[in-house]
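Worksheet: the structure to be examined is printed underneath.
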């Protein structure tokens, strides 16, 4: 199945459901960052979560940033996802590998760490982002984001995230988010039913691997609650907005002396994007042009010389 996101409603609009398949984009991230198995699972889960959270935003420019800072060896995890279906992300220590846990699965909680913080920023594109922070619950990503939604956004939610990776790469990845809308959020029994049903999807990646589609999984979860799956699926993909233009603009921050050293000692500059591992090379000629631009007299009017016009 192609990477995609689908939306649905149930219980007469009282339940919002979103599902996402992220197999190909998670494999692309694995290849770009040369991720270990455990790092692939962690970043894959977080990217799926980012797309699920971004799916409820309204303006086209809306984006969600998820930052996980645990005390595990994987270091920081950072994901940026948009309502437009694009996502990117990285982990600080992508090659870390750990032994399986007691039940033979990737030890995600140990890799991330269960002490630390989860930071989520929602930006609708107007310069007034909303941010929230909670302590990590388990480091498993799904538990931590569910905790955040309940505590910071007061939205009872049930979330399952999964990534299956083997020596051939990422075989399946994705997630499902069920949320109780405010008008029925006080119905604790409904919330418990959703939590129970999502818990039954502990083999979520196995279902995907066996060929189950998101609509079929939704039917199992919510088929007896007046399920209404919206007809249009949204394509999702790994996409970074880095560019050579942005790199050259960032190099201006180093100043004339440091840029001159890059020319003389390194014969240019190399910059790697953290989000996608794309390598950019700035030539001595390009650095020289930046130096010349920096040495040009500023045409801006100093703040002290600004004055109001009289009429």
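Using N, Cα and C of the backbone, Cβ positions are placed for all residues, glycine too.
Straight from Swiss-Prot, the features:
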type	residues	note
DISULFID	240-242	disulfide bond
DISULFID	273-276	disulfide bond
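Cα to Cα, residue 276 (disulfide bond) and residue 240 (disulfide bond) are separated by 6 Å. Between the alpha carbons (Cα) of residue 240 (disulfide bond) and residue 273 (disulfide bond) lies a span of roughly 9 Å.
Under the DSSP three-state reduction, residue 242 (disulfide bond) is assigned to coil, being neither helix nor strand. Note on residue 240 (disulfide bond): other Cβ atoms within 10 Å of its Cβ, all shown chains, come to 18. Cβ neighbours of residue 242 (disulfide bond) (same chain, under 8 Å, six or more residues apart in sequence): 273, 275, 276, 278, 280.
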